[in-house]
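**Student:** Please read through the structure below; I'll follow up with questions.
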Amino acid sequence: KAVARGELQKAQESKQMEEDMIGYMDWLIEAEDVDEEGNKRKTQLHNQDLYFFFLSFSFFLSLNHTMRKNCRVAVKTTNFYWLVLLLVFLNTVASASEHYGQPKWLTEMQERANKILLLLFTLEMLMKMYAFGLQIYFMALFNRFDCFVVCGGILELLLVELEVIPPIGIAVLRCIRLLRIFKMTRHWAALSDLVNSLLNSMKAICSLLLLLFLFLIIFALLGMQLFGGKFNFDETQMKRSTFDSFPQALLTCFQILTGEDWNAVMYDGIMAYGGPVFPNMVVCVYFVILFVCGNYILLNVFLAIAVDNLAGGGVCLIRPFVLSSLRVACHSFIHHPYFTNFILVFIILSSISLAAEDPIKSHSFRNIVLGYADYVFTSVFTVEIVLKMTVYGAFLHEGSFCRNAFNLLDLLVVSVSLTSFFLHSSAISVVKILRVLRVLRPLRAINRAKGLKNVVQCVFVAIRTIGNILIVTTLLQFMFACIGVQLFKGRFYSCTDEAKHTPDECKGTFVVYKDGDMDHPMVKERIWENSDFNFDNVPMVTNTEIIYGMTVDANAINRGPIYNYRVEISIFFVIYIIIIAFFMMNIFVGFVIITFREQGEAEFKNCELNKNQRQCVYYALKAQPIKIYIPKNPSQLKFWRIINSSQFEYIMFVLILGNTLTLAVQHYEQSKLFTSIMDILNMIFTVVFTIEMIIKLMALRAHHYFIDPWNSFDALIVVGSVLDIAVSEFSEVMNINDERVRVSITFFRLFRVLRLVKLLSKGEGIRTLLWTFVKSLQALPYVGLLIAMIFFIYAVIGMQTFGKVAIDDNTEINRNCNFQTFFMAVLVLFRCATGEQWQEIMLAALPGRRCDPEADIEPGEEYSCGSNLSYIYFISFFMLCAYLIINLFIAVIMDNFEYLTRDWTVLGTHHLDEFKRVWSDYDPEATGRIKHIDLVTMLRRIQPPLGFGKLCPHRVCCRRLVAMNVPLHHDGTVTFNATLFALVRTSLKIKTEGAIDQQNEELKLIIKKLWKRTKPKLIDEVIPPPRGDEVTCGKFYASFLIQDYFKKFRKRKERERKSKKKDKAQGLRSLQDLAPEMRLAMDLEDEDALDGEMTGDEVFTSEATSANTTPAATPMPPIETLVEQTSVFVEPFLKPANGIEAADHVITEQVTGLSDAEKPGSELAGVSVVSVQPLRSDPLPVQRYVCSASHVTLNVQSVN
């Protein structure tokens, strides 16, 4: 994100610099005008003799500057801009009006319009060059773009007039003029920013395209070596996707990369080596690697680039009515939970009634009953609308009923139903339309589900925000459509007899053999017909962009196709797929993803906690410890230790993996010996898994065994496997050969593979992936519900519109694809959402289709079924699902996979489950408390960023505990939620800076605002209220740190005193002599020695607890004793030798003879010495050390 912000800032600075430079050059031009006038006057004064000679020249200079000034003013006006846009629009109309079979006068008019427009655009360019000068003109990117387009148009005109270029070259040059349409983005700020963002992506896109091209070259060359000349195994069919030449191999690899029928090419590759037998199946590895690496990795980089570049980027006029008792009563009534649930049930029932209607027989008994039910539903909904209008008012004031979009949707649905009731049969077409609009009823549930409402709002916001990218994509699509018309218009005609290639030849009849059977000839009439998908005009091209096979076969106009006649034309489709499918569609998806993220965070835009902090805090508040069953019976405990040992898990992992391999190697037509071996192995694995289940039952007993869902799953598999063996043996004894019985039970064997997931989840990476998968599933229900509602609405519309089309197995509307039932309509829509030949279904639903024989139609209307709404219906559904709704799934998953791009040292919710597992080793009964001295050992078992790690020194562990400052209970225990909350808070630095009491209060307010149902008792537990006498782990471990340092200081002083014999006559040493020794005694760099002492200290020692054994209780002195020790542990460093003088010496040395590390405000291994002051000056001095460690303040007193 920082890099993205940096790139965005650079782009903005570059744009600002360009604007400043243009303004500066304008200023220079103005100054030039003034300067020229001054020079003219000087010339007239000092060169009177040459005045008449230069008079004419000066006149022309003045005229030139005046004209340039006027030109600059003219080209900068709004009228000039709109005039240019008008010319662009006329140019676009001229290009779009070209189509096959157009009259001669239209062709001549298009040619003349092109020349006139080219002349006008040339004049525009020359005017700008004259007004600004060449240097300033070419500084602007759009001016360079205009110059390129105009020069391309001039070159095209010259080559066409001279007739020195083939038609395909003319089409390529004409596409340059279509770029003029992008001139409209110049003064459209939002669209211009988007175009600039896309242009900024070109550097990364070009690098990716180069990598993609090298990737294709490598696999094309490899494919030529593997499959060159081997795809001719079927002599009756010519394969288009082959590896016989390098260009063809490149196209085939590109096809596999896009995923278009890549499996069919793989099947051909397998058949080229002899068929689907074991050695030959190895060749499929080539296709799988090409598809996975290309489609799932390289092409998704386009999406990453898109997201990266796009991420940068009521007064009440009428007084409302006074509240009355009636309105108050109505308000209470409509907001009662019973009423809300009642309306929701009626919405569901009305939706079911719409799906249950018979689309073929309009007057069937079922439809009559449902019609009466519709009266009831409409009456209930009408009463609801009236009550809400009574409460909120109609539309006059702010907050009224009609000022809410979802309320307007409710009103529309009810109005449509009421209108359809009162219309007469004479308006039957209007009635049909209104009955179709009834499908909007399920949308009324949106306003009653908050999560669903948020998703819908996100969709509407996405639709508004994608307007600009939709415009750019439409412009590009229009450009390719115009080019396609120029390249392929009139070239998709063919004869039903493939041997004939012209309209004159395609006459008479010909003989065909059905299914290649020579004994059943059929005579058919030759027909010269156009393809359903063609390039004859721009509207048709929008649905025909990627018919690759027909275009490379296209011959001349009114000529039949020839196989691979123009393979070079495939470059057009490669460019189209890269620009539209790879880049622009991923830009589209990127907009949806970014919008989803922004809308998800819009609710918390004023919250001080970011998303990760909120999730971790919520987890810490709601988490509960895991209870582990530990048997008390010694014999049962042995089995418990066995099933919890790592060796047992490894053995079961190997057995499950072996069982998976035995299931995987079985194949069709395997030998009897192989089948017998597999049956024996299956029996062995079943016995082993049965023994495993028995051991677990003995260790855990039935109650605790079946509490775990995995154990229940294992038991189901074992029972199914045993039944499988029993049924198999019984069938062999009774000679029963019914395979259906066997298959239904052997199905249980397959679920053993899922046990691998349980064992693999022990690994950190797999566990994180599973966590993300579960979190994504939790966030998907509302997205899935929205998709289900869209499918429901479109399915009912399809039933009402296309339900009467006859089923014909020779068309796309057949027994497996039709709209005669709701369930079948949903299946058809699911197929369309995947993109599987949805265009063919769309064409099969057009008007003029044969009606179902049982449909209630008038005589003579047998071929009147279908509707022109087919285009709108299928295109809108595909666009809505494929490019918007389905991408919400991607947005949800990417949102949960965000940790993959985040630094691993940042704590996330996927780390917190480990705390629960380790805590359960110290608290197997799930009491929620452990002894505080076990914290160090436990947290060292948890890896960072949550825990300390096993390599963390004791000193650092104690520092972290001091910073955490977990509340300590009187029995010496800490609670589960308080400890986890403290870990999260310190790791993510949530309110840890500044006055701790103030930060605690602010954090409490945030928690109460975000999670209103959080119990106050829990909040006080994790964030205790300020109390001066409260004992915490921070104070406790801070006291031990101080005690340990001063013990070390005392020992060093004792060693120095014993090693040096000093003469008493020398007297007391000065402070200057003592300071170096004191500094040496307080040296803190000897970490190893300190860690050794701390490790040996009973305070920091706890018995190691294995994950497979019961944690032993760590002995701990009473908490009161430990607290008392904090006030008496500082002993005098020197015993008073003689009375007052020695005692005074002690005071002086200990109070004023401090090293730099001990002075107030300095750091002493994590403990800040705030002040050191004597409390009294009697022979028994009292020292007071006020020590501050993080947010812990500890008062320590020492009395000599």
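A Cβ is built for glycine as well, from the same backbone N, Cα and C atoms used for every other residue.
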**Student:** Look up transmembrane segment in TrEMBL and report which of 411-434, 819-842 it refers to.
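**Tutor:** It is 411-434 that TrEMBL describes as transmembrane segment.
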**Student:** Among the residue ranges 306-326, 705-725, I'd like the one that TrEMBL describes as transmembrane segment.
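**Tutor:** Going through 306-326, 705-725 one by one, TrEMBL gives transmembrane segment for 306-326.
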**Student:** Looking only at the recorded stretches 569-596, 680-699, 779-797, 871-894, which one has the largest tally of CB-CB distances under 8 Å to the transmembrane segment (648-668)?
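**Tutor:** Going through each listed stretch, the top one turns out to be 680-699.
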**Student:** In which DSSP state, out of helix, strand and coil, do we find E260 (Ca(2+) binding site)?
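**Tutor:** DSSP call for E260 (Ca(2+) binding site): coil, neither helix nor strand.
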**Student:** Considering every residue in the domain 'Voltage-dependent calcium channel alpha-1 subunit IQ' (1028-1062), what is the mean pLDDT value?
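**Tutor:** The predicted confidence over the domain 'Voltage-dependent calcium channel alpha-1 subunit IQ' (1028-1062), as a mean pLDDT, is 77.
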**Student:** Short question: which residues 6 or more past the ends of the transmembrane segment (368-391) have a Cβ under 8 Å from it?
**Tutor:** 326-327, 330-331, 333-334, 343, 346, 349-350, 353, 356-357, 401, 407, 410-411, 413-414, 417-418, 421, 438, 441, 444
**Student:** Tell me the Cβ neighbour count for E260 (Ca(2+) binding site), meaning other Cβ atoms within 10 Å of its Cβ, over all protein chains shown.
**Tutor:** 15
